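The structure appears right after this line, and notes come after that.
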C-alpha cells in the first residue's frame, strides 16, 4: 500500500493534465492573445472558461484501464495543447483565431512559410514543457504509475461538474455580453467569454449547420430567387442613368446616427450644424429623411452587407460571421469589373472585428486600411477605437493616393454606445434627461458632425470633393427602446411603438456631381443603395440579383421591410402587428387596400434573401455580366506598409 501511495494514480494524472493545460491557456491569454479583458466579471470568466471542456474531454479517458488510460489522457492533453499553440501562432500573424473555414485554406500556409516561422517565440517551450515531462514518464518511468483500475462511479460526477461549470460560464458571459452566441461577435469576444476550446466546438457546430443548408440547395432554388428579383426591378431614371459614370465614390458611415438629430437643438444649440446644412437641399446633396436602416443582430456589419449587396442580414447572428465564405456579387466588385474601379475600406478598428478581413475578400475589396494604418496612441483612442477626427484626417491622406476611379468606404466609431467623449472633445453641453446614454449621445453626435465637416474640408483641399459621388448614411439606431423615458424628455413627446419605428430613420445624403440637391421624401432603406449607384454609373442591372430598387427611379418600390417582420410605406407603417397612419402615428381602423400585398412582399423579400445566404445560391449563378470573385487573390497586410492585390 505504501508503494501505491508513492505512485501516480490515474486520477492524479488526470488532474495534473487538466491543470497544466489550463495554466498554459491562462498563459496564452495574458502573453499572446489580446482579448481586451476589463473588470472583475471578465477576469472571473477568463479564470473559469478553459476548465469545462478540458475536464470533460479528458474525463472520458478515465473509463479506460491501465496503461492505455494514461496514454489516452496524455494524447488528449497533447491535442488540446496543439490546438492552443496553433491558435497562438495563427493569432500572432493574423490577430484572429483558427476556424474550420480557415483550415480549409491551409494551402496558403505554404506560401507564408517565412512569416509563420517568424511567429515562433523563444518562450514557446512553455506550451510543451509538461508534454515533454509526461512523455518521459510514460516511456521511461512506467514504474511510477499506479495502473490499478480507477473507480468509474466517479467519472459521471466529474463530467456533470464540467458541464455545470460550462453553463455557469455561459451565464456569466451572457450577463456581461448579451446575445453572445446569437450575434456572433468578433472571434476575440467568443474566446474571451468561452475560451479557445469551446470556441472551436461552437465554430464546428456553426460550420456543420452552414454546410447542411448549403448541401440541400440547388440551381432551382437560385432560379426562383432570380425570377422574383427580376420582376421587382425598376427602370432607371433617364436623367440620372450614367450621370456619374467613372466618378470617384466616397461612402461615409455615420456610426449609430439617427435623423431625429437633424435640426435638433439642446440648450439652444444645434446638435449637428454641419449635417443640418447638408439636409437643406442647398448644398448639392439629395437628402433622404425617410431612409431607414434595415439591420438585424449584426448591426454595423449588417448595414455594410446590405448596402454592398442589396441583400438583408440574417434573422439571427451576423451574415459577416456566419456567411462570410459565401459567393457574392458585390457593388465594389461590379464597379471593378464594369468600369475599372479600385476599392478600399478605412476603419479605425482592427481588421478581424466582424470577420471583415475574411468577408472583404469575398466582396472583392482591394484594400483594407484597418487600425494598423493609423496612429492608435492613447490620446487618439475613444471607446471602441480611433477618434473620428484623427481617423478622417489620416484617411484623407490615404485617399489622395488611391488609384482613380475609386470606391471608398469610411467607417466611423466615436458615436458608439456607451457614447463617451473626452472633455476636450465635447463642444456642446449635455441635456439633463437623467440617462447617461442619451445625454452622452448628444455630445458624441456633435463630435461626429464636426469630424465630418473637417473631412469634407480636407477633400476640398485635396481636389477630391467636387467631382466625387459622396454618400453619407447612418448605419443603425444608437438609442434603444430601453431609453424611451429619457428620449421622451429629450424630444418632448411620447415614444409609442410607431414613434420608435420613426426613430429607426438613419438618413441618407447623396451628392451627384453636376446635379442640384433637394430634400427627397421618398421612403427607402439600405438595400436600395446598390441599384441606385449602379444606375448612376450607367450600369445595366438586369442580370444582378438585388432586393432593393433604384431610389431615383420613378417606379421605386417604397415598401421598406425590417428584419423583425415590420415594414413601412409612405402612407402607413406595420409595427408589432398593428397598422399606424404615418400622418399622426395613430392606429388605423381600416386595413389599407394594398396592405396584404405589401406585407407579403416584405416577407418574401426577407425570405428570398435568407434563401440566397443559407443556400449560398450565388455560387450557382453564371452571370453573363459578372466573373466570380476569387477570394484567394486578396490579402490584407498589416499596416503601415500598405497592401496590394496579389
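We number each residue from 1, going along the chain as drawn.
Keep in mind that glycine also has a Cβ here, set from the backbone N, Cα and C atoms.
Keep in mind that what you see is a predicted model, and the values were worked out from it rather than measured.
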In Swiss-Prot, residue 99 and residue 501 sharing a membrane side: yes
Record-annotated Mn(2+) site (Swiss-Prot): member among 255, 269, 516 besides 300, 475, 476: 255
Swiss-Prot annotation (transmembrane segment) - matching range among 91-111, 154-174: 154-174
Annotated stretch (transmembrane segment, per Swiss-Prot) among the listed ranges 69-89, 195-215: 69-89
Range from 8-28, 120-140, 154-174 with most C-beta pairs under 8 A to the transmembrane segment (44-64): 154-174
Cα separation, residue 300 (active site) to residue 416 (substrate binding site) (Å, whole number): 11
For the topological domain 'Cytoplasmic' (141-153), the mean pLDDT of the predicted model: 72
Residues of the region 'Disordered' (579-646) by DSSP state, where helix covers H, G and I: 28 helix, 4 strand, 36 coil
